[in-house]
Amino acid sequence: MRRWFSPPKTTAGLGLAAISYVAVDYLRHLSPTWHERLQPALWSILALIAISRVPFYKHWSSEFRAAIPFVASMLFMLACLLFEVLSVRFVTAVLGLDWHSDASPLPDTGQWLLLSLNEKLPETLVEILRARIIGLHHFLMLFMMLAFSVLFNSVEAPGLGLGARYMFTMAIGRLLRAITFVSTILPSARPWCAATRFRVPAYPHHWAQKYYIPYASDPDAIRQIINQDIAYADTGEYLGDYQPDWGSMNFLINFLRPTPGEGASWSSLLTKAGGGCNDLLYSGHMLVAVLTAMAWTEAYGGYSSAFIWLLVMHSAQREIRERHHYSVDCVVAIYVGILLWKMTGFIWPVKNSMRSRRLAKLDRIQGRLIQAAKDSDMDEVRELLKEVELGTQESQQRPK
């Protein structure tokens, strides 16, 4: 009777590929010449290895079933990004450029700690902490490597199912982030940012002229508005804004505050800044980093997941050190990312559900398995184990 066995899973290849990718890409700072040689070679090797596995991949049916949730997650992500971009422009424009230039950064004890460590740690270690080892695009590429590793049985199929969970969780995180930073406007840790990247009016919008400016710094005015609970100050005549003709999208003018030199369409206006200049609580870069680390830890595990988390921590301290964000933005992004990933586990429950199905099947044949072992009937033991595996695969492939 033919022996039955399950194919061994790759246990170290994905981790080595991830480390190689990060190391080779960092050569752009150390030796651009070697980087230009090694990076195309590395990607060519990885692509050829992946393509060679495609004909032997056995889970195309589950990939096709996961394609619809994946596309839906991508569309949801794009909608959330559009809302986020609109919100970024609004929180920058509503108070005007003068406020951004004059507002002092918030006191950040995390920044103080890093500056203190610079004085106490060895210079080599400080240089490592300052090094631009990892960025947003690295974490996105690391996740793509994780998803494609289904071709090598390194993670449970389907890869598109894992991608759907990743994109859906990220979309929820971006939506919550936009709602959070648009609720309370915080000054940037880089006061010069808005003036160099945005062309919004220097003065505040009439909403801020009425509801914020008269009560921004005078303690007596703040006490009165608390007691009266009404905007009582006489602000006089409001300063008006430029009014382009955007047709049905004219309602966006109050939120985006365009200027004459920024183009005729609202969509072109949104693509120019490339990011916000307020403090956007919480960090979007750290959200992506944490979701990548959570996906890697849950789907692959091993020592390489510890390496990914070290990269997350390095990225967090750099965000604070370079004043892209305050410490609170990175701390909140870390626990929000972890909690969101745990909450969206229903999008990709393959690993846990397959384990449960195997245990249930083993429970049903437990008596027969014990008896076969007592009788030293190894052929029967193999057949029973094969029955468990085949039953699990059939349950996985059955339409839900």
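Counting begins at 1 with the first residue displayed.
Using N, Cα and C of the backbone, Cβ positions are placed for all residues, glycine too.
Caution: TrEMBL annotation is automatic and unverified by curators.
Feature annotations, courtesy of TrEMBL:
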DOMAIN    276-343  domain 'Sphingomyelin synthase-like'
TRANSMEM  66-86  transmembrane segment
TRANSMEM  133-152  transmembrane segment
TRANSMEM  164-189  transmembrane segment
TRANSMEM  287-312  transmembrane segment
TRANSMEM  332-350  transmembrane segment
Tertiary contacts of the transmembrane segment (66-86) (same chain, 6+ residues out, Cβ under 8 Å): 158-161, 163-165, 167-168, 170-172, 174-175, 177-178, 252, 255-256, 270, 284, 347
Same-chain residue ranges lying at least 6 outside the transmembrane segment (287-312) that approach it to Cβ under 8 Å: 11-12, 14-15, 18-19, 22, 133-134, 136, 138-140, 142-143, 146, 149, 154-156, 162, 165-166, 169-170, 173-174, 177, 333-334, 336-338, 340-341, 351
Mean per-residue pLDDT computed across the domain 'Sphingomyelin synthase-like' (276-343): 93
